[in-house]
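Heads up, the thing below is written out as structure tokens.
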């Protein structure tokens, strides 16, 4: 009985996403049943949407920079958290992890107030990158914490005993061992940034990101089938990215000889 | 100060400085800003409680705030109730080497475009949507149902779907930590499967359940996309009003005051939940 329930739950979980490819390949221009015929036109039309291309490039730019910066900050925080004891640790880690539970509208409005009302700076993709680093860092830390926890400190001590400096030990021993965690953290941060809407909605000026562009098209029924095609491609890509991240994480755990205890979060 | 502390502090300094500059600072700024007032096109910087008076007394804002809390509260309870059996199944019934695959399956929908997932619920529940097509197609109804979409219920359903993985993961983690020999001990001492669940498993899983409650409740109160897409005029929530003040109505200080009020209410409810959970777990 429990098994039946869980399967029903998974169907509920996947039902809306299953609709994406159905409408992406449906020749009718209205997103509703009954279906018409099979077509790949909507995918072909993706190539002609110049605004979409600009939005995609903006999103990739924001996602790449935001994920690199969050993983750098995440590495420092996770390393400090796992390896060292220092005064104010709980409070410091608590503050850094807060964006994980904060409603995103609060982050969006408070940064908007500071940027526009207090400093009178123009909004740009950089303001969005700064905000995305803030919300991606806690996810990076969560993943990297696990990587550093799985790392045996004796390996680093051995390296120092054998004459390496602290820096070369980090480069030659620590970094390769936590590399799978770093890759997973990069991929997850990138995925979060790529998908984030409300902060981007508030903080982008004239340069919009992909979710903001999608939001603007949801009001125009004519473009919807093309968006379904785009969505189908995005789902496939995010499944690939996640599979890669998960494969990497497991490889990392195997490398340090730890037991697998679950997913990313 | 010993060397360990120094190294730790040096490492934590950059991420901490970042959080102070982009989180703590802006939070203080929005609190200050909420005491200023909009004077047509300019901002009057004398401190005033006018925005708070309006946010707390205007029946419209009170109704929206109340609805946000009721919707989020319902989403939280429904999501956690639906999630618990799934977490239990993965933790207790699935073979250990298959567990991460199951978690992977559960989290995948969560990583696919949030906007499109919400929009697709419109396709599910709409007039010519999946549910109505199925009902009329099977001959169960002559006319499509119109009450499925654009109300508070559709917001609850859509949010429960969006936040399901958030609830499953913390409960799963708590269930994984339970020492299985405690369950055997309970059975050996004469409890049946049912009483063992309520007297051993559930109390031990309580921290995960509390975490799940908070992790669903806090972000859903401030959700913008779902009420805007599937809520209709009677499903609007606080984030939609805040956004309108900042963008269309051009009364950003009032929007800031509404944000601060929402944040305070959420914080009080969250702390209350933690306090209540601690008291209950001490009582048993």
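Numbers here mean position along the shown chain, with the first residue as 1.
Yeah, the Cβs are placed from backbone N, Cα and C, and that goes for glycine too.
According to TrEMBL, the domain 'ABC transmembrane type-1' annotation covers B:65-275.
The transmembrane segment annotation in TrEMBL covers B:12-36 (among others).
The list of residues near the transmembrane segment (B:69-90) in space but at least 6 beyond its ends in sequence, with Cβ under 8 angstroms from a Cβ of it, reads 99, 102-103, 106, 152, 155-156, 159-160, 163-164, 166-169, 171-172, 175, 201, 205, 208-209, 212-213, 216-217, 220-221, 227, 235, 237, 265, 269. What TrEMBL records for B:69-90 (among others) is transmembrane segment.
Look at TrEMBL and you will find B:102-127 (among others) tagged as transmembrane segment. Residues of the same chain lying 6 or more positions beyond the ends of the transmembrane segment (B:102-127) and with a Cβ under 8 Å from any Cβ of it are 86, 90, 94, 144, 146, 148-149, 154, 157-158, 161-162, 164-166, 168-169, 172, 225-226, 229-230.
Within the same chain, residues 67, 70-72, 74-75, 78-80, 82-84, 86-88, 90-92, 103, 106-107, 109-110, 114, 117-118, 121-122, 125-127, 129, 131-132, 201, 204-209, 211-212, 215-216, 219-220, 223, 226-227, 229-235, 237 sit at least 6 positions outside the transmembrane segment (B:147-175) and bring their C-beta atoms closer than 8 Å to a C-beta of that stretch. According to TrEMBL, the feature transmembrane segment maps to B:147-175 (among others).
Under the heading transmembrane segment, TrEMBL lists B:196-218 (among others).
Residues or ranges marked as transmembrane segment by TrEMBL: B:256-277 (among others). Among residues of the same chain six or more beyond the transmembrane segment (B:256-277), those with a C-beta under 8 A of the stretch's C-beta atoms are 30-31, 33-34, 51-52, 54-56, 61, 65, 68-69, 206-207, 210, 213-214, 217-218, 221-222, 238, 241-242, 245.
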